[in-house]
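Contents: one structure, followed by commentary.
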Amino acid sequence: MNSVLIPRVRFACKLTFAILGALVLGFYLQLETPRWSAMTAAIVTSGPALAAGGEPFAGAIRHRGFLRVIGTFIGCIAALVIVIATARAPVVMLLLCCIWAGVCTWWSSLVRIENSYALGLAGYTALIIVVTSASSPLQTPQFAVERCSEIVIGICCAIVADLLFSPRSIKKDIDRAVSQLMLDQFALMRICVNSGTKEEIDKSWNNLVKSTTALNGMRGSLMMESSRWQRCNRRLKALHSTSLSMITQACETYLIMQSSPERVSPELKALFAEPAENVADVHRRLKQLRQMITGMHSDNVLMTVSAWTGAGTRALLLMKGIQTNSSISAIESGVLDGEVVVRPVSAERHHALVNGLRTFTATTIGCLMWLWTGWTSASGCVIIIAVVTSLAMRTPNPKGMAMDFIIGMLLAIPVGSMMFMLIMPATQQSLFLLCLMLGIFTFFIGIEVTKRRLGMLGLLAGTINILVLSNPMVFNVTSFLDNAMGQAIGTVIAMAVLLIVRDKSREKTGRTLLNRFMSSAVSALTTKAYRRRENHLPALYHQLNQLLVMFPNDIGKYRLALMLIIAHQRMKLAEVPVNDELSAFHKKIRNTADHVVSASGEGKRTYYYQRLLKELGEYQEKLVEYDAPLKVTEPVRRLTDMLQRYQHAFLA
């Protein structure tokens, strides 16, 4: 009980300190709108907690704060450029802001998720500044400077609060995860060698892929904590690739055992007879495997088992370095510098385009409503629309995030009304009483945010926004209710646009991912040494994880993707005869595979796919002509048969 309650109370204190510190500092520096600094502190502090479902690890708040500063400065510069260029045409000015917000949302959907926050923020910051200064364009530079000042103050307060209230380090969690990873790797190989059921294999490798991906995500959080983890970061990056390699080799062993169970000797099987109890047990078994493999003839040892043993040995070496954070030895240096990791290319281009279109459409509707009705609070409505659509588009569940804002903004009306009409007038302009009232409210909201309670983040931001905190405080009830209704209507409009502009890119993205798996397997055929050093496994498993998220119940897609990853790894290790004609054929096959991936219509895709199958058939004949060994011809034949058998999955 205490282990759960203490982090929640600590985070609630952190959130309260950050918001109150930003508010008091804003009043002290006589900022125009000190509530923006308080809102910044609230969003920067509570956002990572909502995503983590608890107190965020050390560094997460600082990283988010720096991204917010970058996004704010980019948005301010964009706003100044738009106003200077179109100050005499207000409609064009607002239209350009809507286009800018849509472009930023589109771009944020294509880049890495941890960096997309800055782009999303840049989109709606420009809109906020332009809308705020619409009545007096000459004051736009002043609004931009004030906006940046408020953001920086809010972020500084959030960082100070994060440092004061014992930020939780992720290092211990990484050490535990690394140890468990080695046990899970041995468990998967044990199931594969002993020819377990497909259900056991699917469950084991699925969990192992998820834990490997999670460990790589922890690596980013660790680097946010301190620069002293640089060595640990390098080892974790190498361990990620090594772990994926071990998963691939274990699954290939299973496929080989299904057709040729005699390929693994009884002596080797005996070492996988019993499960490993701890890391020391895994270390002992790997040592026995190395000794046994060394004493056997290479033709009698399955290549995947030998490669898995070597990768496991490297993983244990990296694990020890991760847990001690010691200096990198010469042996480790060879492991760390062995391969060049290739970054994945986004397959969600159509999805990103839909996200940008949603943001543009929603903000345009808000601006048109503002221009048509002349509603005094329509500007606040437009701002909320931009904020909700920009932030929601970056999440795996945009509708869920939008619903969180709707519930929060609706709850903010009664909660904010009680605070504005009853509690705040009773404070009699006392800053201490105001901070006490807001502190109690923020503390309980902070506890609920760590529980991922629906609507709490929206309630916190919405309440701070509609209170319009100023010094001295002006209690205009009509203006308050107008602002409250404006932000509530804005969230409803944003949700309506999300429902109307549907994202139908799921099937297209899934087919693109499968075609990229196919292309990577075919492209692994090479005689070039530099191409063999390229490590595509992290990118391939990243795309496999996307398939897991998009098609959680389609096990057939996972198995097909995994077989293509195995084919890629086998092709990469194949010793293709060095020959100019074969090298030219490799280039030709890669070019055709790229056309299959990039083909826009079904007709073109089918044409290039059939051409690829024909070229692979000709390539097999060339391999026989140049006396290629069975270790080369057999993987090519298996890949060709697989592409022939499952061509409906790549073309449908």
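Note: Cβ is positioned from N, Cα and C throughout, glycine not excepted.
Annotation source Swiss-Prot lists transmembrane segment at 11-31, 41-61, 65-85, 91-111, 118-138, 368-388, 405-425, 430-450, 455-475, 480-500.
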Residues of the parent chain within Cβ reach of the transmembrane segment (405-425), under 8 Å, 6 or more residues beyond its termini:
384, 388, 392, 434, 437, 441, 454-463, 465-467, 473, 475, 477, 480-481, 484-485, 487-488, 490-492, 494-495
Positions whose Cβ lies under 8 angstroms from the transmembrane segment (480-500), at least six residues beyond its ends:
358, 361-362, 365-366, 375-385, 388-389, 392, 398-399, 402-403, 405-406, 409-410, 412-413, 416-417, 420-421, 458, 462, 465-466, 468
Between 11-31, 65-85, 118-138, 430-450, 455-475, who has the most Cβ pairs under 8 Å to the transmembrane segment (368-388)?
118-138
List, by number or range, the same-chain residues at least 6 past the transmembrane segment (11-31) whose CB is under 8 A from its CB atoms?
37-38, 40-42, 44-46, 49, 54-56, 146, 149-150, 153-154, 157-158, 160-162, 164-165, 431, 435, 438-439, 442-447, 449-450, 464, 469, 471
